[in-house]
Amino acid sequence: MANQTKCFFPASLRCFTFFFLLLTRGLAAPSGPESDSCSTLVQSRFFGFFLSSSVFPSVPCSWTLQNPDPRRYTIFIKVTKPTGSCVPSQLRTFQYDSFLETTRTYLGMESFDEIVGLCDTSAPVAFLEAGKQFLQMRKGPPRTGRQIPDEDGDFKTEYLVVGKRNPSMAACQMLCQWLEDCLASSTSKRPCGIMQTPCLCWDPPPQLTQAESCYRNGVYQESCLLNTKENGKNAGINGGWSVWGQWVQCSSDCGGGIQTRTRTCHSPPEESFLCEGVVEEGRPCNSQSCSGKGHHLSRSQSLRSLDNRKRDDADKPRSGQQSPQTDSASGEEWSSWSVCSATCGEGWQSRTRFCVSSSYSTQCSGPLREQRPCNNSAVCAVHGAWDEWSPWSLCSSTCGRGYRFRTRTCTPPQFGGDSCDGPEKQTKFCNIAVCPVDGVWYEWSGWSSCSASCSNGTMQRTRECSGPSYGGSECRGEWIETVGCFLGDCPVDGKWQPWSLWSICSQTCGGGSQKRNRICYGPFFGGQICPGEREEVRLCNEKRCPGPHEICGEDNLSNVVWKMTPAGDTAAVRCPANAMGLVLRRCSLDEEGNAYWEAPTYMKCISNDYRSIQSLTREHLNKAQRGLVGDGVSEVMTKLRVTSSDGTSYSGDLLAILDVLKNMTEIFRRTYYSPSGADIRNFVQSVSNLLMEENRDRWEEAQLLGPNIKELFRLMEDFVDVIGLRMKGFQDMYEVTDNLVLSIHKRPVMGHADINFPMKGWRGMVDWARISEDRVSIPKNILSTGKPDEDDSSNFVTGIVLYRNLGSILALQRNNTVLNSKVLSVAIKPTPVSLSSSVVVEFAHMYNGTTNQTCISWDESESSSLLGSWSARGCRAVLVDSFRTKCVCDRLSTFAILARLQSDLNMDKLQLPSVTLIVGCGVSSLTLLLLIIIYVSVWRYIRSERSVILINFCLSIISSNALILIGQTQTRNKILCTLIAAFLHFFFLSSFCWVLTEAWQSYMAVTGRLRNRIIRKRFLCLGWGLPALVVAISVGFTKAKGYGTPSYCWLSLEGGLLYAFVGPAAAVVLV
């Protein structure tokens, strides 16, 4: 048994090496610390060994074995402890599931230091079993105060990875041998580390000879074939016993007989030791009783044997023994008795002889072999024998690592026999259930080097957490510790402080100088001084000093004093008390080189009301950007609509309103806030208020800062995008105001109908929008690609904005060109890369008799155009008739018509009414004036109430004609145009009222109620008072809105103001 154990490991290793190499596969590296100076990771290996001197050449070092699959495999380790010096607690052995680098924590960690006991020399070998993902052996520095020996003892580690199901026979043979050695060396203080194996290690091997089975050289071979002939052949060649022969016939037919069989020794005499044992053996047979005489064989029933010593001389007789002989045949004398087959108890001796016969003699009679008992008097020693092992005891611990044991009883030896060999008790570890294990910190590592080579730095040290496992608490405290370190002051170079401010220029003009300096901070501790100059000088005010004629003198305008300012500079004063900011006024030179003051601009002035609204909006936007729900957004929108409806005081108010609306759009875009219908109406109305005629001059002033109108276009485009996102399902939305119409449509990409503007059935349309002939047609397939797999669920939002009077604000008139249509914007969200169809926009002309109709669109990239950001690219004009033009465009933008005025229609250039109007009004006025002169000349003859009424009627007509001629040239003066429109309204109504007065006077004369007074007061009230009352009421209700338009100084056709004239006039006609 000892010999088999000694050669077992090499034989097994040769047997299953190839089988296990087929099972190797690549696996991911484990999660673990990487702070070791050397580390070894073993993957996809199922057996092997290493020496500590090769794996742990220095400290710290680690060796990690990865389990391919803990559900299918178990790791077994055998550690042959060092025989030399050993440092306690320097080697740590543990298993774990994973490692968290951030907290330096091993998850599911379980230590094997108690089982290994590397420095415990009472057990030269330690065995352990591991079932987790990783098993690691780490050699670290010794504890503080321990000396490191010059030559550390070398130890050997063998590992074996065994499958839990159907393990190979070779692996089981090795593992069973380890288990046998582990249990044999186990004690109560040192239990066996192998708790259980997947192999059946206690079944005895089949009792087959080496030649008759696959059990050869101590290893069971898999898939082998037996060859009896070869085995017999090899036996005859190699020496030793041959195989047993067949059993011969029984020596007796009844009453009990003996069957024998023999074998042959093929060894020469000098190697007779190879044939120890009997040459012939027997067994009882035919034990039934005989009814008659039984038949006995004549052959001797004795057993023959061979001795390993030399045979005695056959001719030498033995004392006390005689060989019977016959006369007819001579028998050779008996050989010497063989050695007794047993040294004690009952044994046997045998001797043989040969029959020598001649031709004249008969056969020899008697047996050729004799047998006798021997050593019957000596008593054999009986050795001690072990009984069967008892079952394993229960585990000593209900959770965590415990141990269990089993015992056996030895039957005592007799007659000087040997006592039982082996342990009486075996102990091994057990682990029924896992216990919660709190995390425990390992010792701190050594301090790192200082992070700085000089001055203040830091040093760090780390420690690792063992566990926690199975619900235990985490390690408390920090895994890293930092302390300061100081290695002496570092040299500090000098550093310049920031430059001081430039000094005041030494000259106000004609060239002067300014100075500034800086201070060097440092150097310290041997550093370098600051490089560069301490003082810097530059020239200033190099422009020529202006002459007296090139300086604008002090001026008092609108109770504001403007101080003397050189030409080219801009003076600034505070805005009036109801606003914040600065009023700017520039001093310029005229063509003759004389300085003059330009008109002051109020672009930087914002009224207090708009400033407060702007502050409130920014507060709500700040809350929205932080994800807070801000109450009061609707109130701010309402306040903006009401305030903007009263007009603006400064051009800065327009820019403030744009800023407020832009911030509101960002607030509406937030997911938590959904604008209500009132918010949307207030927003659109606020934009409309921006475009009121009262704001035209302020828009022209605001345009001096740049094309600020583009901010309006961007604002409406973003508003369309936000409202489209808030729309549920496919629907339409319309908002109609005095100055714009907004139409928003949400449609699927694969639509079935075109989008037309305006749509039939609109309600709430104001007059100008109802009679507008501007049209837009957007094809249904404008975004489709024609692919059959187009996503039908996708949608897009279309926004169309029609501006009533934006053209007059843009002031695109150049020489003899004029904006000949309203302005219309088309936007689609999300913005498409390209359009598959063209957008068709049809405009109605604002001026008759124009030529060269050109479609223009807003293009921010076209900054070099003479029209600013308007471009004629991307659209082509198709003249429908002399009153309409159709624009076919392959882009989305803001569109309008630019046309050329005929020379007689260029009113800005001539500044005179048309010839027809002058002739008509002139002839009418002269005729009426001549009539008045005639009446006055003969007044004493025709003096009557009827004559007075006629003269007043003529005066009203003459006044109306004069105002018509003047009003045709005053459209750009808003105040004067409004006054002219109001007086025209009054005098036209007066004309009708004086006609009514004449009818009233005629009626009274016929009825005889006419008195002698020249004129009645009621006639004057009817002729002049009633028109004045109607005009006053109209101006009061409309706040003069609608009196005067960009084209003429008369009542606007929008808003219903025209009925203030048509109604009374129609009443007079009916009467």
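Easy rule for this one: first residue shown is 1, then count along the chain.
Backbone N, Cα and C define each Cβ position, glycine as well.
Residues or ranges marked as compositional bias 'Basic and acidic residues' in TrEMBL: 306-318.
For 319-332, the entry in TrEMBL reads compositional bias 'Polar residues'.
TrEMBL lists 539-609 with the feature domain 'G-protein coupled receptors family 2 profile 1'.
Per TrEMBL, the feature domain 'GAIN-B' maps to 747-905.
Annotation source TrEMBL lists domain 'G-protein coupled receptors family 2 profile 2' at 913-1071.
Annotation source TrEMBL lists region 'Disordered' at 288-332.
Annotated signal peptide per TrEMBL: 1-28, in sequence order.
Per TrEMBL, the feature transmembrane segment maps to 915-936 (among others).
If you look at the transmembrane segment (948-967), the same-chain residues 6 or more away from its ends with a CB under 8 A from one of its CBs are 913, 917-918, 921-922, 924-925, 928-929, 931-932, 935, 977, 980-981, 983-984, 987-988, 990-991, 994-995, 997-998, 1001, 1014-1015, 1019, 1023-1024, 1048-1050. Per TrEMBL, transmembrane segment is recorded for 948-967 (among others).
Per TrEMBL, the feature transmembrane segment maps to 973-997 (among others). If you look at the transmembrane segment (973-997), the same-chain residues 6 or more away from its ends with a CB under 8 A from one of its CBs are 693-694, 696-697, 949, 952-953, 956-957, 959-960, 963-964, 966-967, 1019, 1022-1024, 1026-1028, 1030-1031, 1034-1035, 1040, 1043-1044, 1049-1051, 1060-1061, 1064-1065, 1068-1069, 1071.
According to TrEMBL, the transmembrane segment annotation covers 1018-1038 (among others).
Positions annotated as transmembrane segment by TrEMBL: 1050-1070 (among others).
When the domain 'G-protein coupled receptors family 2 profile 1' (539-609) is classified with DSSP, helix, strand and coil residues number 5 helix, 33 strand, 33 coil. The stretches the transmembrane segment (1018-1038) and the transmembrane segment (1050-1070) are in mutual contact, each linked to the other by at least three Cβ pairs under 8 Å (pairs 6 or more apart in sequence). Tertiary neighbourhood of the transmembrane segment (915-936): same-chain residues 942, 947, 950-951, 954-955, 957-958, 961-962, 964-965, 968, selected by CB-CB distance under 8 Å and a gap of 6+ residues from either end. The domain 'G-protein coupled receptors family 2 profile 1' (539-609) scores a mean pLDDT of 88 in the predicted structure.
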